[in-house]
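Noted in Swiss-Prot for the protein shown:
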type	residues	note
TRANSMEM	25-45	transmembrane segment
DOMAIN	29-309	domain 'ABC transmembrane type-1'
TRANSMEM	64-84	transmembrane segment
TRANSMEM	142-162	transmembrane segment
TRANSMEM	165-185	transmembrane segment
TRANSMEM	253-273	transmembrane segment
DOMAIN	342-577	domain 'ABC transporter'
BINDING	Gly375, Arg376, Ser377, Gly378, Ala379, Gly380, Lys381, Ser382	ATP binding site
Amino acid sequence: MSQPIPPEDVWPTYKRLLSYVRPYWFMLVISVIGYALYAGAQAGAAQLAGYLGDTIVNPTDARVLIVSIAPLVLVLFQGLGQFMGSYSMNWVAQQIVYVLRNDVFEHVLKLPQSEYHRNASGRIMSKIIFDAQQVTSAGTDAIIVIIREGLTVIGLFSFLLWQNWKLTLILVTVVPLIALVMNITSKRFRKISRRIQSSMANITHFLGEAIEGSGEVKIFGGQAQEADRFHNVSRSFAKQNVKLNASKIASTVIVQLFVAVGIGFITYLYIHLMGEDLTVGGFLSYITAAGMIQKPLKQLTDVNVKVQRGVTGAASLFELLDTEQETDTGTYTVATKVDGNIDFEGVSFGYDPASPVVRQLNFAIKAGETVALVGRSGAGKSTISAMLPRFFDPDQGRILLDGIPLQEYQLSELRNQIAMVSQRVVLFNDSVRNNIAYGELRSSDDASIIKAAKDAHAWSFIEQLEHGLDTLLGQDGVQLSGGQRQRIAIARALLKDAPVLILDEATSALDSESEHHIQQALEQVMQGRTTLVIAHRLSTIEKADRIMVLDQGQLIEQGSHQQLLEKNGLYTQMYRMNFSEE
């Protein structure tokens, strides 16, 4: 469970959030002017109440005319001020949230892969969606109330001082009590808000798991188990919201009680101290203003919940923004394309440094060579492929491309030299064309896209789709079969035409006929480029120039398919087992 914000971090969070307001200061000034008009109209209403009392006691034509017209004037001023203030502040708040949410999303795209391993995607999504919404609430409703009701309190308080400053100073004695209540409840609000954020992240995480694994849930009869897990996290979310609302109501009632006691005491003193100087108008003006000040004070107390939730949400977003991005200290650029010579020199790596996944790897892959990595599950095959584009850096040793350490390449330059097709195919909710010509390939012409699709044996089903290349695939390519999705991903890699190609279980989701066609296409595309193949089906890598066998993160055998069979080692055992299964 996440910890509440330390008190010493609250003000820095406020300041950092307010820094997003700076570019929009002009609209903020307009908002303040508008709410100043609104506050002035409120004080004018208190004065009008007193004037109305004097008019009833001593009516004259002039007074009757004034009390008839004044309400209309006050309402016009109040409405104008409300519109100016609310429109301007809403505009500013939406700009702040727009910029903040974009900053967070762009930052997330640049996080190292290790962050995605440490944090479930649902928790990151919760920060961007839910936490940003808390900032929106603080940036719109909360700030509007703070400025509008704050200026109203100042206006009414100034009016009370003008009416009778001595009695008003007595009324001020309740302010420290109100401040004490606000301070205590603010700490509680932040603590509960942090728990609500944690509960919301759990809800998002469990929803994602249940939806993505819906097939497994049904096959294994896990509906009741998943429902029970979701009920628990959902109950926690509801429980924390009830606590937050209870604290909010309690603080509001206590503040109103203090104010009511103060007003009652002042009313008693006002009547007894004014004596003969007491007038109906003066009394009504003072008591009306004192009564009116309760409403903005109540709203300022209520808004404290939104402010604290907004600060908590902002702190969560800033925590994500402060997460270190991928380090890109490389300066080496590539004129056209690398040759594709790869060297691993004493490479060790572990997602947990205490438990290395690969240990002291030493091998070289020549340009244009096709090398297959095989081994039991967890042997480190996919880890090796993930280190080539620097998704992860070695804990020890170094990896070289054309004799140059990977860290010396600019990240974008390095990744431009690599195409990858993994077991987990990622397709976007976009057209077939934009899924093949993705990212830096988006300027590709249709002829190149169609050629890549044909080479991947994908064109035969693409041209049968209702809109061809313009057909929308839906989220994660839901409209396509597993084999079709994989062929789209292969077409994307073919279109990139990179000198280094990584195939991580690239044919795992294909049926035998599709796999046969894909193997023919891959044999052609592998020519002239360095290819690293990871496959569970050993029959798919028999034609590799070299096969490297990994066991517990170490390279134990290497050679051609026939050479390894003759050694009668681990590869032979795996091949026989694999062959019998197929």
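Here the Cβ of each residue, glycine as well, is placed from N, Cα and C on the backbone.
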(request) Could you check the binding-site residues Ser377, Ser382 and say which one's CB has the most other CB atoms within 10 Å? (result) Ser382
(message) Same chain, not part of Gly375, Arg376, Ser377, Gly378, Ala379, Gly380, Lys381, Ser382: whose C-beta falls within 8 angstroms of the C-beta centre of the ATP site? Give them in sequence order.
(response) Thr383, Leu550
(message) Are there residues at least six beyond either end of the transmembrane segment (142-162) with Cβ under 8 Å to its Cβ atoms? List them, or say none.
(response) 31-32, 35-36, 38-40, 42-43, 46-47, 82, 85-86, 89-90, 93, 168, 171, 285-286, 289-290, 292-293, 295-297, 299-300, 302-303, 306-307, 310
(request) Could you list the residues of the same chain, at least six apart in sequence, whose Cβ is under 8 A from the Cβ of Lys381 (ATP binding site)? (result) Leu373, Val374, Gly375, Asp504, Ile534, Leu550
(request) List the residues of the same chain that sit at least 6 positions away from Gly378 (ATP binding site) in sequence and have their Cβ under 8 Å from its Cβ, in sequence order, or write 'none'. (result) Val357
(message) Out of Gly375, Arg376, Ala379, Gly380, which of these binding-site residues shows the lowest number of other CB atoms within 10 Å of its CB?
(response) Arg376
(message) DSSP secondary structure for Ser377 (ATP binding site), reduced to helix/strand/coil, please.
(response) coil
(message) According to DSSP, does Ser382 (ATP binding site) sit in a helix, a strand, or coil?
(response) helix
